[in-house]
Structures are given as C-alpha cells and as structure tokens.
Amino acid sequence: MSVSSPVLEAVGALKVFPGVTALDRASFALGQGEVHALVGENGAGKSTLIKVLTGVYRLDEGEIRYRGERVEFSNPLEAQRAGISTIYQEVNLVPQMSVARNLFLGREPRGRFGLIDFARMRERASEILRGYGVRADVRRPLGSLGLGAQQMVALARAVQADARVVIMDEPTSSLEPREVDKLFRTIAELKAQGRSVIYVSHRMEELYRICDRVTVLRDGRLVHTGPLAELERLRLISLMLGRDLAEVAAEGLTKFSGQHHSHAAPILQATGLRHRHVLDDVSLAVRPGEIVGLAGLLGSGRSETAKAIAGALPLDSGEVVVAGERVPGGSVAAAIRAGINLLPEDRKAEGIVPTLSVRENIVLAALPRLARAGIVSEGDVDRVVQKFMRRLRIKAAGPGQRVSELSGGNQQKVLLARWLAMNPKVLLLDEPTRGIDVGAKAEVQALIDELAGDGLAVLLISSDLEELVEGSDRVVVLRDGAVAGELDGAGVTEDKIMAAIAGDNDD
Amino acid sequence: MSLFSGRRARAAALLAAAVLVASGCAKSEDTAASPAPGGSEAQQQVVKTPSGPAGAGCTIAQHGATKFDLKTGVVGFSQSEKEANPFRIAETQSIKDEAAKLGIANLKVTNAQSQFSKQISDVQQLIAQGAQLLVIAPLNSDGWEPVLQQAAAKKVPIITIDRKINAKHCTDYLTFIGSDFVEQGRRAADQMIKALDGKGKVAILLGAPGNNVTTERTQGFKEQIAAKAPDIEITFEQTGEFAREKGQQVTEQLIQSNPDIDGIYAENDEMALGAVTALKGAGKKAGDVKIVSIDGTRGAVQGIVDGWIYGVIESNPRFGALAFETAQKFLDGESIPEKVIIADREYDESNAEGSLSQAY
Amino acid sequence: MTDTALRQGAPDRTRVITWLQDYGVYAAVAALLLFNAAFTPHFLAVDNFRTQLVQVTPIVIVALGMALVIGTEGIDLSVGSVMALAASVVALYLGYGALPAIAMAVLAGALVGAAGGTLVAVVGVQPIVATLALLVGVRGLANVFLPQLKEFTNPTLVALGSDSVAGVPIVVIVAVVLTAAVAFLVKRTTFGRQLVAVGGNRAASRLSGLPVRRVLMTVYILSGMLAAVAGVLATSRLQASDPTSLGLFMELSAITAVVVGGTPLTGGRIRVLGTVMGALLMQLLQATLIKHNLPQSWTQMAQAVIILAAVYAARERR
C-alpha cells in the first residue's frame, strides 16, 4: 500500500465545507519519479485534495508532509516556491499579458538594476515553447492563443519552475491529439528526471498509457491505491462508481443504446451555412428522434456550426429551417422560439450563471413561460425545478444552492435541464460530457439517448470518438469549415471518422 | 472608429431636441421674490483703508509698467468660479458694467469654472492677447508663479479682487482689493452679541474646509466673542460647505441634539437660508433662534425682513468701480497701497427693508 | 448555517466573512443605534428618527437605481447630475403646476438613462466611461436650463418636501414605496431575474435567449428615473432648485450604500434591503459624528473604514 519514501503525502486529511465533508480522513502518498493517477467521480474529493496539497485550502484535521516534513502552505504561491506546480483544468494564467510574460510570471529573467530583461525573456520563451510544439508570437497576449496552446503554455510554465511535483488536473481536456502526445512525452521526461506527477483525468485510455500507480477516491474517502497495470479497467470503473463489476460490464462503457431508426422527415434542416473564414457551405439535417454526430478537429467549425444554427453566430448566407419554417438568422431568441436549444461548449463562460442558484439557472431561459404579466410564478418554477432535478438526478444540497458550488457534471445537468424546460424540438449539444467524471458522463449519455427516444432531434458534438460512434445514428464530419463526409448506419466507426477527418476518404 | 455611428449621431440629435423642447415651452413659477439683478449703481464699494502701511505704496515708476489709456488699452478680467451664485454674478456684472460706463472698449473676460489650471491658462492667454492690465478674482492664493513671471516680464500690473495672491507686492502684483474676512467675523459676532444680549449658546455653520474665507470668518467671530461676551458659549461647529442643502441638513441634526441652542452663525447666506428651512421644518418660529450670516445676498436680506434672520454682514462683490479707479490712479502716477480694504455694510431689521433693492 | 457547520465547532474564517457580508450592515446599524441611544442626548426622540430618515431619502432612492445597474455589472455615475437636471427642470416647468413639473423632471431622468443605456447596450461603451460623460454633460445641461439657485413657493411642491401623513414624512413614504417596488422587481419579476443573470454571465444570458440589450437599457432608464425622483424630493425639501450643488458626489454615496449593503460590484447579485441599510449606516454615522460635534474629516475616515471592510468581505467571499 505505501510508497517507500513519498515526496508528497496527505495523512488522515479531513476537510469539511458547509453541508459537505469533502475529504473524510483520506490519505494519499506520491512516490518519487512516479506518475500517479488520481481518479474518482465528481464530488469524490479530487479537487479538494489537490487544493489541500497546494495550499489553497487548509485541512481541518490531518497533515500534509512534503519531503518527509510536515508543511502548511498558506497559499499556492508558497507551495509553488517549495516545488509543487499545478496545472488546472481551466487555464489560470493572465490572458491579457503576453505569452512570454505568462511563461515567466514571477520569475522573469532580470537584467541590470533588477529590471526585466524583455529581450532575453522573449527569446527563451519562444525557444521553450517550440519544444512544446507551440509556434506563436510570444509578445502577443496569451488570450489570443487557442485553448490548447494556452494549456501548453501553462504546462511549460509549470515544468519550467523547478518543480519536484507537477499536478495536472484534466490537462488534456482542451488539447488536440498532437498536443496530447507532446504532453505525454513531457510527462515521460519529467519522470526520467525523477520528478513526480499527479495526473487527474477521466479518460481511461490516457491513465493506462502513462500512469504507474492509481489512487481512487469516493465520497471523500480513499477506496483504493496501488499499481495501475494490475487493475483491470472495468474493476477501476467499478471502484470509482462503487458499483458492481458485472453491472458495469453489462452496460458497456458508454451509456448509449445505439440506434434509433427514424424515417420521419428532418425537423432541422440547415442549408448552405456560410460565415467568412469559419463556415463554408455547411448543410445538415436531423430527423426527430435521431442523434447526428458532428465530428472534426478543433477549429473545423463544429462549434460554429452549432452556434450558427442557434442564432448566436450571424450568417453571411444560408438558412435554417425547423419543422418547415424558416428561422430568422442571427437571433438566439428567434431560434429558441423555433425550438432550437444550444448547450454551449464552454460551460463556465457561456453556460452557468455562477452567482445564481441551481433553481434560477434551470429556469433562466424558461422564465417568460413561467410568469404571468412579467411576474414569476414561484409555484410553477418550483414544479419545473423539482421535475428536472429529479429526472436528471442533479446532486445539490437543494434548489437554492449556488450553481458554482456544484461539480462539473451536475452543472452540465443543470444546463441540460435549462433547455429541457423549454420543451425543445432540436438540441445542439456541444461537448456535453467534456470535463465531467465517469459516472456523470454515463448519466448524461443515457439521458441524451432517452431524449432521442422521446423524439427529440439531437446534434451531438464531441471530440470523444467512442462517444460519437456509440451515440450517433449518423455522423457528419467537418474539415476546415466544410462538410468532409457523412457516415451512416454500420459505416459509423472510429476508423472511418478519423479517415474523413484526415481527408483520405475513399467512400 | 465607428464611435460616431449613425446611432450616436441620432442620440446627440435627440438630446439637442430635448434641450430645445425643454427650454422652448418652459414656464417657470412667477415669484415676486425672485431676485432681479441689482443695478450696479446700488451699492458701490467704499474704500475703508485707502492707504496701507506708510511707505508701502507702489507707483507706476516703481512697478515699471508703461502708461496707457484705459479706454483704448486691453484689459483682462479672469473670473474664478462659474457665475452660478449671486456673489460671482454680481462681481462679473460689476466689472463689465463699470468698464462700459468708463468706455473701456477692450475688456476681455474669462471664467475658469472653478478649475485652477484653467484659470492659469486663461490668464496666460489674456497676457498673450496683449492685456495691459489684469483684474483677477483668484480661485487659489498659491500656485501663481508661472503667470506672475510672464506678467512681470511684460510689466503688466495685476489687481486681485476678493481673494489674495501670495506673492510680492509691487513686483508681482499691484494691489489686492477686498474685504477683511476676519473683520467680517468680528462684526458678525457683534451682531450676535447684540441679538443674544451677551448670553447664550451659539452654533457655527462653517464654510468649506481648507478655505481662507472659512478660517478668517471663524477666527474673527471667535476672537470677538471671547473678548466681548464670555457668557456666550460656542457649543457646536460643523461644516455646511457654503451650500444651502448642507446647511439645512446640519441644522436639522443640530436642533435635534441641541434643542437649547440660541443662535446660529452661518459663514455665508446660503447656509443661513438652509438653516431657516430646517428651523421652519422643525416647527420653530421666526426669531426663536437668532441667525447671523455674512454676504448680503438679497435672499438673506429678505430673511431679515421676514424676521428669520437677525443680521447680515455684507461682503460686497461690486469691485468694478473701485478696481478701475485704483487702476486709473496708478496710471496717473499715484502710489497704490498693498491692500485696499473695502468697507462692508451691514443689514439688520432697522435697514433691511429699505436696502432690499440694493442687495445683490 | 448547517448542522455540520455547528458540529464542526471551529469558527471557519470564510463563514465569518460570509456572515459579515450578509448581515454585517444590519449589525453595524444596530450597533450605531445602541451607541447613540446610550451616549447621544435626545437621540431616542421621534423627531430625530424622522430627521435621519428624511435626510437619507435621496441617497436611498438613488442607491436603489444604482443597485440595479451594479447588478448588471455596470455602474451609473450620472445620478448626481440627473438630480441637478431634475431640480432645474422642475423649476423650469413649475408654472404649469407641481405635477406636470415633476413628470417632466422624471421624463428628463428617463431620457438621460436612455442615453446612457444606448451607449452601454447598443454602442458598447464601458458603463463607467459612458456615464462619466453624462456626469459632466448633464450637470452642464442643468446649469444651462437654470444658471443659479432659484427659490419657489409652489404649495404642492413645498408640501411634498415638508408634510407628513400620519406622522411619517411624505418623502419617507415615497422612499419606502420605491424600495418595496424595486425589491418586488428584483425578486418576483422576470425582468429582475434576467437582470441578475445578465450581470452574472452576459454570454450565458445571450445564449439563453435573454433580451440582454433591453434589460440593460431598462436598467439605466430606471436608474435615471429614480435619480430624478430623488432630485425632485431633495429640491422640494430645500424649497429651492439648486442645479449647481444639488447631487454633487451623490454617485459616490450611492455606490457606497450599495457596496456596504453587500451587493458585489461584479454584478449578478442585488441586495435591496442591504442597500437601504447601507445608506442608513452612512447617514447614522454622519449624524453621530455631527451630533457629537466631531470634525467632518472623522466622518470621512470612518466611512473609508466601512467601505474597506465591505469590499474586503466581498473579495474574500469569492
């Protein structure tokens, strides 16, 4: 169970928040030179553990030991100075500052008189980033880079700091496959140098590819720790979910049932969508009860297609027709009235309203329907909220809890509830399962399936090919803003999707 | 920049239209008491101390200015504050009227809108426009070096009115014409002593903090009370910032917590009028609390007539005649003292009604 | 406030701060009242409370509008100038009678609000810049309409400022009614919910089909109208229109009341009653220091301390 000489360890860690015991006397030990997977469902306590290790939170009981000594970091900076670097799921750098500044923030190369030596800083920054496959003008603001590139800058920054321990929280969630490879190579290098990595991810494949050991948390408690290779994939999932092995095996890894054959006329028809530099004559149709997957790399126009259909991206030309009626372009309200609802990709920036409660978030779009003469009917609101909280199994202390306090998966369910409350005809789901844990992912997938079963038309965008293949009846593949292929029925396989993305379709 | 889009232009047009509409069909209340601008003849200033300390005078020879004819020369006047209160209105009007009367053709008037930096550049521009005499109502007493240097280089004489400039007499400026604020405070104290028969509790509504007018009016009042009427106790002093609303609010608080107050000394008329509103609101009757104030605006003098205000010490804003008279004397070769202190009148129930038309 | 928390025993710092942000302003008001009851002569008189309420009325009304604007992650610096504009418009139209004059003043406030709302919602100017321009421009406009203080004798307007109904001054009744109306607007109407959503996450609100522009526009118009009402009330109390000094620095007092009342400047949350309490706290503080005849600089320093405490509590919460 234990590691011979742990670099970083938490012993009997207890952390209580109002209403929740986030860490329930959990222990964790990270050995030197190992890549250690930290897994668990939402609310299992992974984030809390990381925050406790890096000085964001303080323990109520128990202790943190770093290199054999008891430590109490009062803030992340102190932990970083001691050699513990963290890369968060959401890039936590300064978007307005230049790439170079971000890379060296807090340890800029100094010239004479202690002034920042900008020339040297820029030079070294480009050099370092080239090593990570990022070719960008390091003088430009970080925010002008894509999410993936930003993530790489964050990685480079964390590794550059003389870190003994690097903590990565869902580092691949916004990376391209090429970037993922780069990341894994970097992790291997870190390991070879005797540094340690804590790796948090929901992607099983990744875990098995790079991790030596695994620690599983559930409900704030330690349920398993040991070498990863010895642990079967299904066994690991059952540990995380606390469910029976057989049950997991029977249900498969995703929750999609497969096909919903539908021969009804398409309810959504988008034709010739164009937006300069982004969309080039994209057309697609979805029937009621059908799940159409939309595949493609980042920047292929996937999200933009969805936004254009939902009225959030003005069109240069093209039209969207729902149930035979043309939807006026460029107006979200009009699209919603027509029954088109978009679950946006960036849950935090475009989805939840963090200051409001679960209840207010669920009914946000439906408010006018739940009001008479502009006055909200609280009874109607309560009914809708109760119905969807139960139906989607939203885990919250109550409808009044702030949505920002929920786990990612539950936030996603709140957003789904927001749209289901509108009785939509067409659901556009942009990465509905990204960044949420296995259990919630399965629930969301099952739900999408169920919705399609109820006759909803679903457009599913995902960078998880497995999800696309198992979930979709048809898949439309985009490349460079144009449709590069369409796969149907038995033709929907990962290989074919990848071939279409790569552009060597031989259909 | 698309800032000047059609929408913005429309908004601007809308606003302009609003102005027109608002002023076009406006109809304001007809109030008999509404003050009409007092004739400049009404209350010209009288010199109280025509000569300063012996030997301190300044002649044109000492100063170095060239003689010129006021009628044809360029005269600049720099006003400090917006003409939005009776004092400033009367002051600017008096300068303009007197210039017209004397036939001064080339009078250039600027207004600094209460911004000191603007006043500095105003005066610099007046000098650049060839002003041969400058009359300045300074906003501040300090910070005038850049202007003074330019004026000295061109030997332009400067007369400051109502506030002083901290600089050297004769080399930097010719003379200061104004009231003695300490003396105003003393005279207000005399009236208060008379009103209360030398006994009672008095509150002071101070002017804006950090202003020499406030300091000096307070100093004079307190000195005189201490010297002449030791039985008068000053129990309360709070700033009303020379504003009516603030004077009203502070007085409301005052009469709540100190209901036994006998007199209020307001360092300007506006605060006194605010105090009157507060006293009325608290159900007091005219004369219950004796109010003495300084300035001599028409509203305050009317207050005496109505019985709410006991007395007002004037601070005469009509500098025109005296300023140009002093300038003429200087150009004629006479010696001009460092300070020309003017005699301020005072109003009480004996003369208020008769003097109402002369108040500004 | 949960059982777990109580069992935990150890007072969590964040919980203390959360409590302070939620109830600190009430506690502070209560503390000041107790202090005055004990140490200030004649404090526990009905007249005194009436005075405090009457004086705080304009700030409360302006702060209500400010709270709405701040709830959308905006700010309205033009409120003081709108008060001045209302004062001058009232004087300008008093010849038609008090009610038409007041209506014109409120209309003027709505127009200024519409101008600010257009700049913010349509043109996309930052609220602080847009309303700063109005702060300067509208004060100038007020002075153009009415260059100097003008007294009036209109009995209706005078009565509005000085009469009472059942012992409660009319201006206070107006403030109470407006507070209730704004509280209702925020808590119970679609508009109120949409308002805080827009402030909490504008992108999400837009993608949820909310009428973001209309909400922003309406908020600035409401703020302008409320400021105009405050200007009318202040004018009626002064029995004179004073566009030069009426409402000077009012924007700061209003923002202070809102922030001290626990509404975060980052938007997405509005505390109506807290805002009223914030205004009352500042008023009581000033009254306390005046009644004890302490210099004004003390008031300013005490206010600064309270603002810092409020902002600190708000920061820690996130």
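The first residue you see is number 1, and the count goes up from there.
Any Cβ shown, glycine's included, is placed from N, Cα and C.
TrEMBL does not curate its annotations; it predicts them automatically.
What TrEMBL records for this protein:
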- C:23-46: transmembrane segment (TRANSMEM)
- C:52-70: transmembrane segment (TRANSMEM)
- C:128-146: transmembrane segment (TRANSMEM)
- C:166-186: transmembrane segment (TRANSMEM)
- C:215-234: transmembrane segment (TRANSMEM)
- C:246-265: transmembrane segment (TRANSMEM)
- C:272-290: transmembrane segment (TRANSMEM)
- C:296-314: transmembrane segment (TRANSMEM)
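The transmembrane segment (C:296-314) and the transmembrane segment (C:246-265) are in contact, since at least 3 Cβ pairs between them lie under 8 Å (pairs 6 or more apart in sequence).
The listed stretches are C:52-70, C:246-265, C:272-290; of these, C:272-290 has the most Cβ pairs under 8 Å to the transmembrane segment (C:23-46). Contact between the transmembrane segment (C:246-265) and the transmembrane segment (C:52-70) is supported: at least 3 Cβ pairs lie under 8 Å, counting only residues 6 or more apart in sequence. For the transmembrane segment (C:215-234), the most Cβ-contacting stretch among C:52-70, C:166-186, C:272-290 is C:52-70 (pairs under 8 Å). Long-range neighbours of the transmembrane segment (C:272-290) within the same chain, counting only residues 6 or more positions beyond its ends whose Cβ lies under 8 Å from a Cβ of the stretch, are 25-26, 28-29, 32-33, 35-36, 40, 51-52, 55-56, 59-60, 63-64, 66-67, 179, 182-183, 186-187, 253-254, 256-263, 296, 298-299, 302-303, 306, 310.
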